[in-house]
Amino acid sequence: MSIAIELAYLVASIMFVMGMKLMNKTKSARQGNQLSALGMLIAIVATLVQIEAISFVEIIGCMVVGSAIGLYYANKVEMTKMPEMVAIFNGFGGLASFSVALSDYFLRTDVNMESIELVTIISIIVSVFIGGLTFTGSLVAYLKLNGNISGSPITFKGQHPINLMLFIGFLTAAVFTVMDQTDPMLIVILIVIALVLGVLTVIPIGGADMPVVISLLNSYSGMAACATGFILNNNVLIVAGSLVGASGIILTQIMCKAMNRSLVNVLLGGFGQTVNEVQGDGPTITVKEIGVEETAMLFDGVSSVIVVPGYGMAVAQAQHVIRELMEQCEKRNIDFKFAIHPVAGRMPGHMNVLLAEANISYDKLIEMESINDEFPSTDLVLIVGANDVVNPAARNNPQSPIYGMPILNADKARTVIVCKRSMGKGYAGVENELFGYPNCLMLFGDAKQTITKVVSEMKEM
Ligand code: NAP
């Protein structure tokens, strides 16, 4: 029986890895998701058949309630609220590992007074630490993103020394717990410090740095699950947890690079404090406007177009009408591409998901590094609801909070049209000097409505 279960776990682990590989490409991503889900089903069934302490009715009951809540929220959530959803999912992942570690600890110390194996007690401590920190840290991230608490950095004097002291306190209590496993006071200290550290490490993070913290917390939830796998001696949990932990760290690194942050800076916490600060009364930007008809005429006369989508495209749900615009351009033999910034929108891959939903072929989506050199030779760039990711201040203005963040060089194209509703700022809350550039024209209005009108004009030409 146990060989069959280990085999099932091995098959499930292979399916997870292959599923992730398939997720590398949009075409095979759905297949990869299904393969991983099947792997998870195999892992769940293999785990359930071993369970003795809890009845099937209880398990199925919990699964039905949990799945119903998950399905309801996943269907209801708006695309623009996905980061909040990911944040809360990470938190629940951390809470699950934290709860399993604690219940295992109390079960072992209550029922069996013999000492717990060294690997197991260390895994319990690691799982309590990372799981607890992930839970409260993710809750704070959720509340910040949802606007329940201020999204700006919350800082106070001595924040970092306090965090360091708490960490040292945790390590000390952890060493004592290993030596005296039955003292409940020690485990209470570990729990409290882990939960408090989760809050303290996330509250100072604000502004444009939030995506980094979300992907880092995602990685933490995987590491907590991996530690829990060691407690339960469950290989598939170790593999799945490591995959989540490693992919979360890789994503964090990609995000750090895209936002010009070092990982050490991220791990120390308290980053992003400069964002939203240097505002003052800068020089007023004078802009030139363009109307729908003139825009359509411009499109009619060019030979290359790059569209830069941003958060505003998601808000307006303009991706479908942008596909129509692409079809109109392709009818005219215009070379048409999309430039994708790694942190455009509000979650990793946000633009890719929306454009794929509108059936736009993945080869049209070009990453920042590959497309940046093409802007100077492009006739027309249409920026749809993007702002921070095309702000030249990131290149030229050392005073700017976003200075150093790699951007799409849209300003270097021959003509730039920016479609947005007003002169409103982006996520980082800074002015965009591009709007005042001589080659830049503002097409004011909601992206979906405005581009729909442009497309109708083009259809009539
Ligand atoms: P952005 O800088 O936030 O700018 C979005 C722009 O969209 C706004 O200036 C807004 O201007 C416009 N807009 C809003 N609704 C619109 C509508 N219905 N129609 C047309 N325009 C509309 O967006 P971004 O350039 O994509 O940059 C993303 C930012 O979010 C970065 O600072 C990034 O660090 C941060 N961030 C990213 C992630 C991630 O994982 N991708 C997560 C969290 C934060 P108006 O109000 O004038 O219309």
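Note: Cβ is positioned from N, Cα and C throughout, glycine not excepted.
Over in TrEMBL, the protein carries these features:
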type     : residues : note
DOMAIN   : 6-456    : domain 'NADP transhydrogenase beta-like'
TRANSMEM : 6-23     : transmembrane segment
TRANSMEM : 35-51    : transmembrane segment
TRANSMEM : 86-106   : transmembrane segment
TRANSMEM : 118-142  : transmembrane segment
TRANSMEM : 162-179  : transmembrane segment
TRANSMEM : 185-205  : transmembrane segment
TRANSMEM : 237-256  : transmembrane segment
(message) Is it the case that the transmembrane segment (118-142) and the transmembrane segment (185-205) touch, counting contact as three or more CB pairs under 8 Å in which the residues of each pair are 6 or more positions apart?
(response) yes
(request) Please give the sequence-distant neighbours of the transmembrane segment (86-106): residues at least 6 beyond its ends with Cβ less than 8 Å from one of its Cβ atoms. (result) 116, 120-121, 123-124, 127-128, 130-139, 141-142, 145, 187, 191, 194, 214, 217-218, 220-222, 224-225, 227-228, 231-232, 244, 347
(message) Ranking 35-51, 162-179, 237-256 by the number of C-beta pairs under 8 Å to the transmembrane segment (185-205), which range is first?
(response) 162-179
(request) Quickly jot the same-chain residues contacting the transmembrane segment (237-256) by Cβ under 8 Å, restricted to those at least six beyond its ends, or write none. (result) 9, 13, 16-17, 20, 40, 43, 93, 211-212, 215-216, 218-230, 262-263, 265-266, 342-343, 348
(request) Could you pull the average pLDDT for the domain 'NADP transhydrogenase beta-like' (6-456)? (result) 89
